[in-house]
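Asker: Below is a structure I'd like to ask you about.
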There are 2 protein chains.
Amino acid sequence: MAIRYPNGKKYTPPNSEVKKRSIKDYSYSNRGKTLEDEIDEANDFYLQRQIAVIHKKPVPIQIVKVEYPSRSAAVIREAYFRTPSTTDYNGIYEGYHIDFDAKETESKTSFPLKNVHPHQVEHMTVVAKQRGICFLLIRFSSMERYFVVPLEMLQNAWTRMLTGGRKSISLVEFEEQAIEVKPTYSPRIDYLQAVRKMLP
Amino acid sequence: MAIRYPNGKKYTPPNSEVKKRSIKDYSYSNRGKTLEDEIDEANDFYLQRQIAVIHKKPVPIQIVKVEYPSRSAAVIREAYFRTPSTTDYNGIYEGYHIDFDAKETESKTSFPLKNVHPHQVEHMTVVAKQRGICFLLIRFSSMERYFVVPLEMLQNAWTRMLTGGRKSISLVEFEEQAIEVKPTYSPRIDYLQAVRKMLP
(Lines of atoms letter the chains of each structure in order from A and count residues from 1; the text may use other names and numbers.)
(Lines give C-alpha, C1' and ligand atoms only; values in the text may rest on other atoms or scores of the structure.)
Protein backbone atom coordinates (compact mmCIF):
# COMPACT_ATOMS: atom_id res chain seq x y z
CA MET A 1 0.00 0.00 0.00
CA ALA A 2 1.20 3.50 -0.80
CA ILE A 3 1.92 5.89 2.04
CA ARG A 4 -1.14 8.04 2.52
CA TYR A 5 -1.26 11.39 4.20
CA PRO A 6 -4.26 12.40 6.27
CA ASN A 7 -5.65 14.54 3.43
CA GLY A 8 -6.11 11.32 1.49
CA LYS A 9 -3.40 12.20 -0.99
CA LYS A 10 -0.71 9.76 -1.92
CA TYR A 11 2.84 10.71 -1.09
CA THR A 12 4.68 11.66 -4.26
CA PRO A 13 8.46 12.11 -4.33
CA PRO A 14 9.24 15.75 -5.19
CA ASN A 15 9.24 15.94 -8.99
CA SER A 16 11.79 13.12 -9.34
CA GLU A 17 10.17 12.02 -12.58
CA VAL A 18 9.64 15.43 -14.09
CA LYS A 19 13.34 16.18 -14.18
CA LYS A 20 14.02 13.22 -16.41
CA ARG A 21 11.61 14.38 -19.09
CA SER A 22 12.38 16.27 -22.25
CA ILE A 23 10.80 19.66 -22.86
CA LYS A 24 8.46 18.11 -25.39
CA ASP A 25 7.11 15.61 -22.89
CA TYR A 26 6.86 18.22 -20.20
CA SER A 27 3.83 20.03 -21.60
CA TYR A 28 1.73 16.90 -21.15
CA SER A 29 3.36 15.77 -17.93
CA ASN A 30 1.44 15.51 -14.70
CA ARG A 31 4.09 17.58 -12.88
CA GLY A 32 3.98 15.31 -9.83
CA LYS A 33 0.21 15.49 -9.49
CA THR A 34 -1.56 12.70 -7.68
CA LEU A 35 -4.26 10.74 -9.45
CA GLU A 36 -6.71 12.41 -7.08
CA ASP A 37 -5.56 15.85 -8.29
CA GLU A 38 -6.02 14.77 -11.88
CA ILE A 39 -9.53 13.47 -11.27
CA ASP A 40 -10.42 16.66 -9.35
CA GLU A 41 -9.24 18.65 -12.36
CA ALA A 42 -11.39 16.58 -14.73
CA ASN A 43 -14.43 16.82 -12.43
CA ASP A 44 -14.04 20.62 -12.19
CA PHE A 45 -13.85 20.77 -15.98
CA TYR A 46 -16.99 18.63 -16.33
CA LEU A 47 -18.86 20.69 -13.74
CA GLN A 48 -17.97 24.06 -15.28
CA ARG A 49 -19.05 22.97 -18.75
CA GLN A 50 -22.12 21.15 -17.42
CA ILE A 51 -20.86 17.89 -18.90
CA ALA A 52 -21.30 15.92 -15.67
CA VAL A 53 -21.57 16.39 -11.90
CA ILE A 54 -19.10 14.04 -10.21
CA HIS A 55 -17.54 14.60 -6.78
CA LYS A 56 -15.13 12.86 -4.47
CA LYS A 57 -16.75 11.89 -1.19
CA PRO A 58 -15.14 13.20 2.00
CA VAL A 59 -12.93 10.79 3.93
CA PRO A 60 -15.03 9.22 6.69
CA ILE A 61 -13.87 10.12 10.20
CA GLN A 62 -14.89 8.85 13.62
CA ILE A 63 -14.97 11.88 15.88
CA VAL A 64 -14.29 11.27 19.57
CA LYS A 65 -13.57 14.67 21.12
CA VAL A 66 -14.43 18.23 20.11
CA GLU A 67 -13.60 21.49 21.82
CA TYR A 68 -15.74 24.60 21.52
CA PRO A 69 -13.49 27.60 22.14
CA SER A 70 -15.51 30.74 22.79
CA ARG A 71 -15.89 33.00 19.74
CA SER A 72 -14.13 30.62 17.34
CA ALA A 73 -14.85 27.51 15.34
CA ALA A 74 -15.24 24.08 16.95
CA VAL A 75 -11.98 22.14 16.96
CA ILE A 76 -11.83 18.37 16.60
CA ARG A 77 -9.21 17.16 19.11
CA GLU A 78 -9.50 13.40 18.73
CA ALA A 79 -10.70 11.52 15.69
CA TYR A 80 -9.82 8.43 13.68
CA PHE A 81 -9.92 7.44 10.02
CA ARG A 82 -12.69 4.98 9.20
CA THR A 83 -12.77 2.48 6.36
CA PRO A 84 -15.07 3.80 3.62
CA SER A 85 -18.00 1.47 2.90
CA THR A 86 -18.42 2.68 -0.66
CA THR A 87 -16.27 3.97 -3.50
CA ASP A 88 -14.61 7.39 -3.48
CA TYR A 89 -16.37 8.99 -6.45
CA ASN A 90 -19.91 9.21 -7.67
CA GLY A 91 -22.21 11.47 -9.60
CA ILE A 92 -24.28 11.82 -12.73
CA TYR A 93 -23.45 12.04 -16.43
CA GLU A 94 -26.25 12.51 -18.97
CA GLY A 95 -28.73 10.67 -16.78
CA TYR A 96 -26.34 7.84 -15.92
CA HIS A 97 -25.35 7.26 -12.31
CA ILE A 98 -21.54 7.04 -12.20
CA ASP A 99 -19.72 5.23 -9.39
CA PHE A 100 -16.02 4.49 -9.32
CA ASP A 101 -12.80 4.25 -7.40
CA ALA A 102 -9.31 5.41 -8.40
CA LYS A 103 -6.19 3.33 -7.82
CA GLU A 104 -2.50 3.71 -8.57
CA THR A 105 0.29 1.21 -8.92
CA GLU A 106 4.03 1.61 -9.43
CA SER A 107 4.19 -1.78 -11.14
CA LYS A 108 4.97 -1.88 -14.86
CA THR A 109 3.52 -5.31 -15.46
CA SER A 110 0.31 -5.74 -13.48
CA PHE A 111 -2.23 -4.24 -11.07
CA PRO A 112 -2.29 -6.04 -7.70
CA LEU A 113 -5.84 -6.78 -6.58
CA LYS A 114 -4.89 -6.23 -2.95
CA ASN A 115 -5.40 -2.52 -3.75
CA VAL A 116 -9.13 -3.21 -4.05
CA HIS A 117 -11.23 -3.84 -0.94
CA PRO A 118 -13.92 -6.56 -0.98
CA HIS A 119 -16.57 -4.06 0.20
CA GLN A 120 -15.81 -1.88 -2.82
CA VAL A 121 -16.48 -4.76 -5.19
CA GLU A 122 -19.68 -5.52 -3.27
CA HIS A 123 -20.78 -1.89 -3.38
CA MET A 124 -20.21 -1.57 -7.12
CA THR A 125 -21.99 -4.86 -7.70
CA VAL A 126 -25.21 -3.67 -6.04
CA VAL A 127 -24.96 -0.27 -7.78
CA ALA A 128 -24.58 -2.01 -11.16
CA LYS A 129 -27.73 -4.04 -10.42
CA GLN A 130 -29.54 -0.69 -10.17
CA ARG A 131 -28.09 0.14 -13.63
CA GLY A 132 -25.26 2.34 -12.40
CA ILE A 133 -22.06 2.66 -14.43
CA CYS A 134 -19.28 1.24 -12.24
CA PHE A 135 -15.56 1.01 -12.89
CA LEU A 136 -12.05 1.48 -11.57
CA LEU A 137 -9.80 4.22 -12.93
CA ILE A 138 -6.27 2.86 -12.67
CA ARG A 139 -3.00 4.69 -13.13
CA PHE A 140 0.23 2.87 -13.85
CA SER A 141 2.22 5.72 -12.35
CA SER A 142 5.68 4.75 -13.54
CA MET A 143 4.47 4.57 -17.14
CA GLU A 144 1.83 7.30 -16.99
CA ARG A 145 -0.77 5.02 -18.50
CA TYR A 146 -4.41 5.15 -17.42
CA PHE A 147 -7.18 2.60 -17.85
CA VAL A 148 -10.87 2.48 -17.11
CA VAL A 149 -11.67 -1.04 -15.93
CA PRO A 150 -15.36 -1.91 -16.31
CA LEU A 151 -16.82 -3.64 -13.25
CA GLU A 152 -17.32 -6.88 -15.19
CA MET A 153 -13.59 -7.13 -15.94
CA LEU A 154 -12.81 -6.50 -12.26
CA GLN A 155 -15.37 -9.10 -11.17
CA ASN A 156 -13.82 -11.71 -13.48
CA ALA A 157 -10.34 -11.07 -12.09
CA TRP A 158 -11.75 -11.07 -8.55
CA THR A 159 -13.46 -14.44 -9.04
CA ARG A 160 -10.28 -15.83 -10.60
CA MET A 161 -8.32 -14.75 -7.49
CA LEU A 162 -10.90 -16.20 -5.10
CA THR A 163 -10.75 -19.53 -6.95
CA GLY A 164 -6.98 -19.78 -6.60
CA GLY A 165 -5.85 -17.89 -9.70
CA ARG A 166 -3.48 -14.93 -9.99
CA LYS A 167 -3.83 -12.03 -7.54
CA SER A 168 -3.39 -9.31 -10.13
CA ILE A 169 -4.52 -8.14 -13.54
CA SER A 170 -1.72 -8.18 -16.10
CA LEU A 171 -0.90 -5.20 -18.30
CA VAL A 172 -1.67 -7.38 -21.31
CA GLU A 173 -5.18 -7.94 -19.95
CA PHE A 174 -5.54 -4.18 -19.51
CA GLU A 175 -4.49 -3.60 -23.10
CA GLU A 176 -6.91 -6.22 -24.37
CA GLN A 177 -9.97 -5.69 -22.17
CA ALA A 178 -9.84 -2.31 -20.42
CA ILE A 179 -10.34 1.11 -22.01
CA GLU A 180 -7.18 3.19 -22.13
CA VAL A 181 -7.37 6.91 -21.34
CA LYS A 182 -4.62 8.77 -23.19
CA PRO A 183 -3.55 11.96 -21.38
CA THR A 184 -4.56 15.09 -23.27
CA TYR A 185 -4.31 18.78 -22.57
CA SER A 186 -7.43 19.90 -20.72
CA PRO A 187 -8.54 18.09 -18.73
CA ARG A 188 -5.43 15.94 -18.66
CA ILE A 189 -7.35 12.77 -17.76
CA ASP A 190 -10.62 13.00 -19.67
CA TYR A 191 -11.91 9.72 -18.29
CA LEU A 192 -15.49 10.26 -19.47
CA GLN A 193 -14.20 9.64 -23.00
CA ALA A 194 -13.60 6.06 -21.88
CA VAL A 195 -16.80 5.85 -19.85
CA ARG A 196 -18.80 6.78 -22.96
CA LYS A 197 -17.71 3.47 -24.51
CA MET A 198 -19.22 1.57 -21.57
CA LEU A 199 -22.70 3.05 -21.78
CA PRO A 200 -25.57 0.76 -22.74
CA MET B 1 -30.30 26.89 13.12
CA ALA B 2 -30.57 23.82 15.26
CA ILE B 3 -27.72 22.94 17.59
CA ARG B 4 -25.56 20.40 15.83
CA TYR B 5 -23.16 18.00 17.46
CA PRO B 6 -19.92 17.07 15.75
CA ASN B 7 -21.35 13.76 14.56
CA GLY B 8 -23.73 15.77 12.40
CA LYS B 9 -26.74 14.75 14.45
CA LYS B 10 -29.22 17.29 15.64
CA TYR B 11 -29.57 17.70 19.35
CA THR B 12 -32.79 16.08 20.52
CA PRO B 13 -34.14 16.67 24.02
CA PRO B 14 -34.15 13.35 25.90
CA ASN B 15 -37.45 11.71 24.96
CA SER B 16 -39.47 14.73 26.06
CA GLU B 17 -42.05 14.06 23.37
CA VAL B 18 -42.26 10.32 23.74
CA LYS B 19 -43.54 10.55 27.30
CA LYS B 20 -46.57 12.50 26.21
CA ARG B 21 -47.75 9.85 23.78
CA SER B 22 -50.38 7.22 24.35
CA ILE B 23 -49.46 3.54 24.05
CA LYS B 24 -51.29 3.34 20.73
CA ASP B 25 -49.18 6.13 19.26
CA TYR B 26 -46.01 4.71 20.68
CA SER B 27 -45.67 1.76 18.31
CA TYR B 28 -45.32 4.14 15.38
CA SER B 29 -43.36 6.78 17.25
CA ASN B 30 -39.84 7.71 16.31
CA ARG B 31 -38.69 7.27 19.92
CA GLY B 32 -36.57 10.41 19.80
CA LYS B 33 -34.80 9.39 16.61
CA THR B 34 -33.25 12.09 14.51
CA LEU B 35 -34.28 12.49 10.90
CA GLU B 36 -30.80 11.24 10.00
CA ASP B 37 -31.44 8.02 11.96
CA GLU B 38 -34.73 7.54 10.16
CA ILE B 39 -33.16 8.02 6.73
CA ASP B 40 -30.31 5.65 7.65
CA GLU B 41 -32.91 3.06 8.61
CA ALA B 42 -34.73 3.48 5.28
CA ASN B 43 -31.46 3.33 3.31
CA ASP B 44 -30.42 0.14 5.14
CA PHE B 45 -33.82 -1.36 4.31
CA TYR B 46 -33.47 -0.39 0.63
CA LEU B 47 -29.92 -1.76 0.44
CA GLN B 48 -30.76 -5.09 2.07
CA ARG B 49 -33.71 -5.69 -0.26
CA GLN B 50 -31.81 -4.36 -3.29
CA ILE B 51 -34.45 -1.67 -3.80
CA ALA B 52 -31.92 1.18 -4.01
CA VAL B 53 -28.35 2.08 -3.03
CA ILE B 54 -28.41 5.43 -1.25
CA HIS B 55 -25.83 6.60 1.29
CA LYS B 56 -25.16 9.63 3.42
CA LYS B 57 -21.88 11.30 2.56
CA PRO B 58 -19.33 11.73 5.35
CA VAL B 59 -19.09 15.16 6.95
CA PRO B 60 -16.23 17.04 5.28
CA ILE B 61 -13.34 17.80 7.61
CA GLN B 62 -10.22 19.93 7.19
CA ILE B 63 -7.43 18.02 8.87
CA VAL B 64 -4.54 20.08 10.28
CA LYS B 65 -2.59 17.78 12.58
CA VAL B 66 -2.25 14.02 12.84
CA GLU B 67 -0.22 11.92 15.27
CA TYR B 68 1.12 8.48 14.40
CA PRO B 69 1.59 6.61 17.69
CA SER B 70 3.71 3.51 17.25
CA ARG B 71 1.71 0.31 16.90
CA SER B 72 -1.69 2.01 16.91
CA ALA B 73 -3.97 3.87 14.57
CA ALA B 74 -3.27 7.42 13.41
CA VAL B 75 -4.99 10.01 15.60
CA ILE B 76 -6.32 13.28 14.23
CA ARG B 77 -5.41 15.95 16.82
CA GLU B 78 -6.58 19.10 15.06
CA ALA B 79 -9.31 19.36 12.46
CA TYR B 80 -12.22 21.62 11.56
CA PHE B 81 -15.68 21.15 10.09
CA ARG B 82 -15.99 22.35 6.51
CA THR B 83 -19.12 23.52 4.71
CA PRO B 84 -20.34 20.75 2.39
CA SER B 85 -20.44 21.81 -1.27
CA THR B 86 -23.13 19.30 -2.18
CA THR B 87 -26.14 17.64 -0.59
CA ASP B 88 -25.88 15.03 2.16
CA TYR B 89 -27.42 12.05 0.35
CA ASN B 90 -27.10 10.49 -3.05
CA GLY B 91 -27.34 7.17 -4.79
CA ILE B 92 -29.23 5.16 -7.36
CA TYR B 93 -32.75 3.80 -7.57
CA GLU B 94 -33.81 1.73 -10.57
CA GLY B 95 -31.39 3.54 -12.84
CA TYR B 96 -32.28 6.99 -11.53
CA HIS B 97 -29.61 9.11 -9.87
CA ILE B 98 -31.05 10.33 -6.56
CA ASP B 99 -29.71 13.45 -4.83
CA PHE B 100 -31.26 15.10 -1.79
CA ASP B 101 -30.86 16.85 1.49
CA ALA B 102 -32.79 16.34 4.74
CA LYS B 103 -34.00 19.21 6.90
CA GLU B 104 -35.99 19.54 10.11
CA THR B 105 -38.02 22.36 11.55
CA GLU B 106 -39.81 22.77 14.86
CA SER B 107 -42.27 25.22 13.28
CA LYS B 108 -45.89 24.12 12.91
CA THR B 109 -46.75 26.58 10.18
CA SER B 110 -43.87 26.87 7.72
CA PHE B 111 -40.39 25.78 6.71
CA PRO B 112 -37.82 28.62 6.92
CA LEU B 113 -35.65 28.79 3.80
CA LYS B 114 -32.65 29.88 5.88
CA ASN B 115 -32.21 26.14 6.57
CA VAL B 116 -31.22 25.69 2.92
CA HIS B 117 -27.81 26.87 1.69
CA PRO B 118 -27.51 28.57 -1.71
CA HIS B 119 -24.82 26.11 -2.81
CA GLN B 120 -27.22 23.23 -2.15
CA VAL B 121 -29.80 24.75 -4.48
CA GLU B 122 -27.07 25.32 -7.08
CA HIS B 123 -25.80 21.77 -6.73
CA MET B 124 -29.26 20.25 -7.14
CA THR B 125 -29.94 22.50 -10.12
CA VAL B 126 -26.92 21.23 -12.07
CA VAL B 127 -27.69 17.62 -11.07
CA ALA B 128 -31.28 18.02 -12.31
CA LYS B 129 -29.93 19.28 -15.66
CA GLN B 130 -28.16 15.91 -15.93
CA ARG B 131 -31.57 14.27 -15.31
CA GLY B 132 -30.99 13.49 -11.65
CA ILE B 133 -33.95 13.28 -9.26
CA CYS B 134 -33.44 16.07 -6.70
CA PHE B 135 -35.49 17.01 -3.67
CA LEU B 136 -35.56 17.97 -0.01
CA LEU B 137 -36.91 15.60 2.61
CA ILE B 138 -38.40 17.81 5.31
CA ARG B 139 -39.59 16.84 8.76
CA PHE B 140 -41.93 19.04 10.75
CA SER B 141 -40.65 17.55 13.97
CA SER B 142 -43.29 18.88 16.36
CA MET B 143 -46.06 17.38 14.22
CA GLU B 144 -44.20 14.33 12.93
CA ARG B 145 -45.12 15.13 9.37
CA TYR B 146 -42.74 14.49 6.49
CA PHE B 147 -42.70 15.90 2.99
CA VAL B 148 -40.68 15.32 -0.14
CA VAL B 149 -40.21 18.70 -1.82
CA PRO B 150 -39.35 18.38 -5.52
CA LEU B 151 -36.53 20.68 -6.61
CA GLU B 152 -38.90 22.72 -8.79
CA MET B 153 -41.04 23.65 -5.78
CA LEU B 154 -37.93 24.63 -3.84
CA GLN B 155 -36.65 26.69 -6.77
CA ASN B 156 -39.95 28.57 -7.01
CA ALA B 157 -39.90 29.41 -3.30
CA TRP B 158 -36.22 30.36 -3.58
CA THR B 159 -36.87 32.75 -6.47
CA ARG B 160 -39.83 34.23 -4.61
CA MET B 161 -37.55 34.91 -1.60
CA LEU B 162 -34.82 36.45 -3.77
CA THR B 163 -37.37 38.75 -5.38
CA GLY B 164 -38.57 40.07 -2.04
CA GLY B 165 -41.27 37.54 -1.19
CA ARG B 166 -41.68 35.40 1.92
CA LYS B 167 -38.63 33.64 3.37
CA SER B 168 -40.40 30.35 4.05
CA ILE B 169 -42.68 27.75 2.54
CA SER B 170 -46.04 27.56 4.30
CA LEU B 171 -47.54 24.30 5.52
CA VAL B 172 -50.48 24.92 3.19
CA GLU B 173 -48.07 25.02 0.26
CA PHE B 174 -46.56 21.75 1.44
CA GLU B 175 -49.99 20.16 1.61
CA GLU B 176 -50.87 21.41 -1.87
CA GLN B 177 -47.59 20.96 -3.78
CA ALA B 178 -45.22 18.63 -1.91
CA ILE B 179 -45.56 14.86 -1.55
CA GLU B 180 -46.34 13.77 2.00
CA VAL B 181 -44.62 10.69 3.42
CA LYS B 182 -46.83 9.04 6.04
CA PRO B 183 -44.82 7.16 8.68
CA THR B 184 -45.30 3.40 8.41
CA TYR B 185 -43.82 0.43 10.20
CA SER B 186 -40.68 -0.68 8.37
CA PRO B 187 -38.98 1.38 7.26
CA ARG B 188 -40.67 4.12 9.23
CA ILE B 189 -39.94 6.81 6.61
CA ASP B 190 -40.32 5.04 3.27
CA TYR B 191 -39.44 8.16 1.29
CA LEU B 192 -38.97 6.31 -2.01
CA GLN B 193 -42.77 5.88 -2.05
CA ALA B 194 -42.92 9.65 -2.55
CA VAL B 195 -39.94 9.77 -4.91
CA ARG B 196 -41.69 7.28 -7.20
CA LYS B 197 -44.32 9.93 -7.89
CA MET B 198 -41.64 12.34 -9.12
CA LEU B 199 -40.10 10.02 -11.71
CA PRO B 200 -40.46 10.99 -15.38
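Note: Cβ is positioned from N, Cα and C throughout, glycine not excepted.
Nobody curates TrEMBL annotations by hand; they come from automatic prediction.
Pulled the feature table from TrEMBL, pasting it below:
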- B:Thr86, B:Asp88, B:Asp101, B:Gln120: Mg(2+) binding site (BINDING)
- B:Lys103: site 'Transition state stabilizer' (SITE)
Asker: Can you list which of the recorded positions B:Thr86, B:Asp88, B:Asp101, B:Lys103, B:Gln120 come closer than 8 Å to chain A, going by CB to CB distance?
Answerer: B:Thr86
Asker: Within 8 Å of the centroid of the Cβ atoms of B:Thr86, B:Asp88, B:Asp101, B:Gln120, which other residues of that chain place their own Cβ, given that this set defines the recorded Mg(2+) site?
Answerer: B:Pro84, B:Thr87, B:Tyr89, B:Asp99, B:Phe100, B:His117, B:His123, B:Met124
Asker: Measure the Cβ-based neighbour count of B:Lys103 (site 'Transition state stabilizer'), defined as the other Cβ atoms within 10 Å of its Cβ.
Answerer: 20
Asker: Give the helix, strand or coil assignment DSSP yields for B:Asp101 (Mg(2+) binding site).
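Answerer: B:Asp101 (Mg(2+) binding site) sits in a strand per DSSP.
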Asker: Quick check on the binding-site residues B:Asp88, B:Asp101: which one has the highest count of other Cβ atoms within 10 Å of its Cβ?
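Answerer: By the 10 Å Cβ neighbour count, B:Asp101 comes out on top.
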Asker: What whole-number Å value do you get for the CA-CA distance of B:Lys103 (site 'Transition state stabilizer') and B:Asp88 (Mg(2+) binding site)?
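Answerer: Cα to Cα, B:Lys103 (site 'Transition state stabilizer') and B:Asp88 (Mg(2+) binding site) are separated by 10 Å.
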Asker: Return the count of C-beta atoms lying within 10 angstroms of the C-beta of B:Gln120 (Mg(2+) binding site), excluding that atom itself.
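Answerer: Taking all protein chains shown, B:Gln120 (Mg(2+) binding site) has 22 Cβ neighbours within 10 Å.
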Asker: Using Cβ-Cβ distances, find the residues under 8 Å from B:Thr86 (Mg(2+) binding site) that belong to the same chain and are at least 6 apart in sequence, listing them in sequence order.
Answerer: B:Lys57, B:Asp99, B:His119, B:Gln120, B:His123
Asker: Give the three-state DSSP assignment (helix, strand or coil) for B:Gln120 (Mg(2+) binding site).
Answerer: helix
Asker: Where does B:Asp88 (Mg(2+) binding site) sit in DSSP terms: helix, strand, or coil?
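Answerer: Reduced to three states, the DSSP call for B:Asp88 (Mg(2+) binding site) is coil.
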